[in-house]
């Protein structure tokens, strides 16, 4: 589906739609506003296309239960659900621990020839008496889903794509709201899920521990070879260019992990001039005509003592969309050629993923872009493949790099104390311009799975979340 344009308007969280299948939009800007309507503040719900039209039926056959649900269903894949599968998916209090929601029976102790001896269908559910004298009750929504689908997929994950225009009114929530209630966490995680990043305004910045507490409202902070929560200045404490004052091109972090960091946060606590060195001996006084020029030059040097360091954000999913439209073959190469990645600059550290991974990782079920893994500095040797040569990969990567560097792709923002930035490291590439002076930044990583769990449970009722994760 081609992206559709979304205007640059102020939108409440409730207006940020979660419609199925409409995965991508072009995004201009968004800021969270507190809704005045109780209905607008209610949690999202997963949509259902079933309508009550028929009398329910359940009949015993040699293959399993032949089912006719009380709702009209379209795109049916089967009419019979197998006996053993049904018995294994009984969720009564005897079969599933209601506190942990884990099975508490041995699936393979069930007789392989298990079969129903009695079946009763109502408009709400189907009750089965099994040949092992166990009784199971299955809600129709569960049965109907597997009559029309093979497996549970991910939640509706509509995203909004953006470029440089997103800087006009970027996604923003307030620190007091996030810390005060799960509704605030819902706002924050929904913004990150849809747009890939969010600012948290009004965050205290005199104590970095407050930023740690903010991140822990989402989930625990991930510990890596860099430590956990970080608070650093450009002193090369670790052998990584992030610990310098050099410019950094757009990249994702931790490409060298099997499971790259899900979220990353930056909070600029301070940016000040570097401590002055002992002054050199004064030069001879300039001629009067040059005094004004020399004074202006000195003022310029003083002003540059704490400048630069703008942060760069690039929507990797939008860049991939552009690449696919402009050069489908380059997209195919970058999504199929698997590369080595590594972190080995520090003594005693040689980290690499469990296998080679492509720059653009696709969802195996849907074929949609799932994750961007791009840091040319951490990339290993391009392999010789049977389908594509290294030269072909380099040409495709050159086009990818060119898209990332387009002005229309780059969102430049100046971080400031009191306004942390949290972004999706699987989607949004980040970088910075070179800077002078001393910058102190704190932040941390959060695992992707923990972020998504928090997003689910603050944005949707648990009764709707559970079927999505348990099947």
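Every residue, even glycine, has its Cβ placed from backbone N, Cα and C.
What Swiss-Prot records for 251, 253, 430 is Fe cation binding site. When secondary structure is read from DSSP and collapsed to three states, residue 253 (Fe cation binding site) falls in the coil class.
If you look up Swiss-Prot, you'll see 272-302 marked as region 'Disordered'.
Feature annotation from Swiss-Prot assigns compositional bias 'Pro residues' to 276-288.
The number of other CB atoms found within 10 A of the CB of residue 430 (Fe cation binding site), across every protein chain shown, is 21.
Just so you know, of the binding-site residues 251, 253, the Cβ with the fewest other Cβ atoms around it within 10 Å is the one at 253. Secondary structure at residue 430 (Fe cation binding site), taken from DSSP and collapsed to helix, strand or coil, is strand. Taking the mean position of the Cβ atoms of 251, 253, 430 as the Fe cation site, the remaining same-chain residues with a Cβ inside 8 Å of that point are 248, 250, 252, 264, 375, 425, 429, 431.
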